[in-house]
Amino acid sequence: MKNSLQGAMTALITPFKNQKLDEASFEKLIKRQIKHGIDVVVPVGTTGESATLTHDEHRICIEIAVDACKGTNVKVLAGAGSNATHEAIGIAKFAQAHGAHGILSVAPYYNKPTQEGLYEHYKAIANSIEIPVLLYNVPGRVGVDILPATVFRLFKDCKNIYGIKEATGSIDRCVDLLAHEPDLVVISGEDAINYPILSNGGKGVISVTANLLPDQISQLTHLAMNEEYKKAKLINDNLYTINKTLFCESNPIPIKAAMYLAGLIDTLEYRLPLCKPSKENFKKIEEVIKNYEIKGF
């Protein structure tokens, strides 16, 4: 069995203050996740606005996450993707050297590699480090799909590639992956289908909603993984509206607005080209979060 990171995982937002990384706020957010039952924190992914962070900021976020989790059972799965393989290797090596327990590596964006190119890209990354590697498939954002045959090949050939975060939005894709390779760890990358993936053999979630409601995402995930599906479904059904609302605009625009409205971040700031939600959607988010018990620090 390959070493893996799984369970209830949070795709962390990155807070800014006066357009600078708000390090103190970021640390507080991570400690809140630890307090409320999350298994793994995932800094500097899509939700963390990694595309508009400087290289130094990216590294600082990884260091803060690792330091915040020291002395706890919570692990750090560091975002370490790039569309330049050499750059992805550099981030992966940094993450390993600074104590991350694994890396999340998004498929190369913009340059649209072939399946063979994807294979070579991920093989090079995996061979450069010892810690676990979770593939990240999100074709709607990056413009390329890591097809199942490529996933199986990487899983077989690379000792530390243990699974995939699936954000295609396709339950069928996840079932296909699990049916053909039962030992592959499939992680839900979309809150709307967390429960269907978990109940079909998925081994965890990387959740946006968990920024706001870590306790409920943790409960849902652990119940489902313990095959207590009826109890898990009750929580999932309760989260239906918030899950939909947090994707009313491009992620992470709504979740940051929700965190601000809940008093969990002091300022509502994004890095352009991301900007604040429309007035209509801001109001919608404000109304929806009133229906949920949001735990504090």
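Every residue number used here counts from 1 along the chain in the order it is shown.
Note: Cβ is positioned from N, Cα and C throughout, glycine not excepted.
The following features are taken from Swiss-Prot:
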type	residues	note
ACT_SITE	Tyr136	active site, proton donor/acceptor
ACT_SITE	Lys165	active site, schiff-base intermediate with substrate
BINDING	Thr47, Ile206	pyruvate binding site
SITE	Thr46	site 'Part of a proton relay during catalysis'
SITE	Tyr110	site 'Part of a proton relay during catalysis'
Have a look at the recorded positions Thr46, Thr47, Tyr110, Lys165, Ile206 and say which one has the shortest Cα distance to Tyr136 (active site, proton donor/acceptor). Lys165
C-alpha spacing of Ile206 (pyruvate binding site) relative to Thr46 (site 'Part of a proton relay during catalysis'), in angstrom: 11
DSSP says Thr47 (pyruvate binding site), in three-state terms, is coil
Any idea what the Cα distance is from Tyr110 (site 'Part of a proton relay during catalysis') over to Lys165 (active site, schiff-base intermediate with substrate), rounded to a whole Å? 19
